[in-house]
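Student: The structure follows.
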Amino acid sequence: MALVSADSRIAELLTELHQLIKQTQEERSRSEHNLVNIQKTHERMQTENKISPYYRTKLRGLYTTAKADAEAECNILRKALDKIAEIKSLLEERRIAAKIAGLYNDSEPPRKTMRRGVLMTLLQQSAMTLPLWIGKPGDKPPPLCGAIPASGDYVAKPGDKVAARVKAVEGDEQWILAEVVSYSHATNKYEVDDIDEEGKERHTLSRRRIIPLPQWKANPETDPEALFQKEQLVLALYPQTTCFYRALIHTPPQRPQDDYSVLFEDTSYADGYSPPLNVAQRYVVACKEPKKK
């Protein structure tokens, strides 16, 4: 029943989102007329080579209207973004519910492990669809935006993706990409699934062995302070794997859609670092260990 209810709510939200998109276009069409008037007024002023009281008053009115139009369009877009966030949240809840139902349904045969190529594609899609933080003027980026860590009392929710420090088969420790199953306030420990094993490899880990992944991309053009900076030590997901390794930031993103360029620690190279490789904001987190000398 819960899945049916979620489907119904998602359908409602999609209808509301469609209406908001139509409103955005209508608002934009209305504002275009005013913007054309502003441009024409400036052209007349240049032709006459003077700023008369008439033009000054006219421009003030036109710009006031343009500002109000832009704010109205911005408000509609923010409402649309809220709808998208709610839809994504419901889809995630539905995925988790289906996963739990599958785990406890003995009448169905066990699922086959996901093909590696499919998993890598899903990880890329997750990075691409990570929402960009768009704050109002004066707003500071929140925790889990880009390089900003979670607050000290933050508890990751079931379904959240994290970097988890686990013991490998050989006895060494490594950071893996994992999904939170649950958190116990009594023991202060997480249960997480190795993302590469689809729930077959479950780990119970203390909070200090868990690093929540970013929930928003930071915009380099408006919030550069929310990004890791050049030569900063991080843990980054090595391309085409599900493991995090130590790396130095080579180049931070310059535009919202850009990835980090990082140098992974690699003793097979003379300087101890790999050539630059691209890693999405979604899969770069702080490394608390010191740099290797």
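Heads up, the Cβ atoms here are built off N, Cα and C, so glycines get one too.
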Student: Looking at 156-159, 188-191, 228-231, 240-243, which one is region 'Histone H3K4me3 N-terminus binding' according to Swiss-Prot?
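Tutor: Going through 156-159, 188-191, 228-231, 240-243 one by one, Swiss-Prot flags 240-243 as region 'Histone H3K4me3 N-terminus binding'.
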Student: Can you break down the region 'Histone H3K4me3 N-terminus binding' (240-243) into helix, strand and coil residue counts using DSSP?
Tutor: 0 helix, 1 strand, 3 coil
Student: Would you mind listing, in sequence order, the residues at least six apart from Tyr245 (site 'Histone H3K4me3 binding') in the same chain with a Cβ closer than 8 Å to its Cβ?
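Tutor: Same-chain residues close to Tyr245 (site 'Histone H3K4me3 binding') (Cβ under 8 Å, separated by 6 or more) are Trp175, Leu235, Ala236, Tyr238, Phe264, Glu265.
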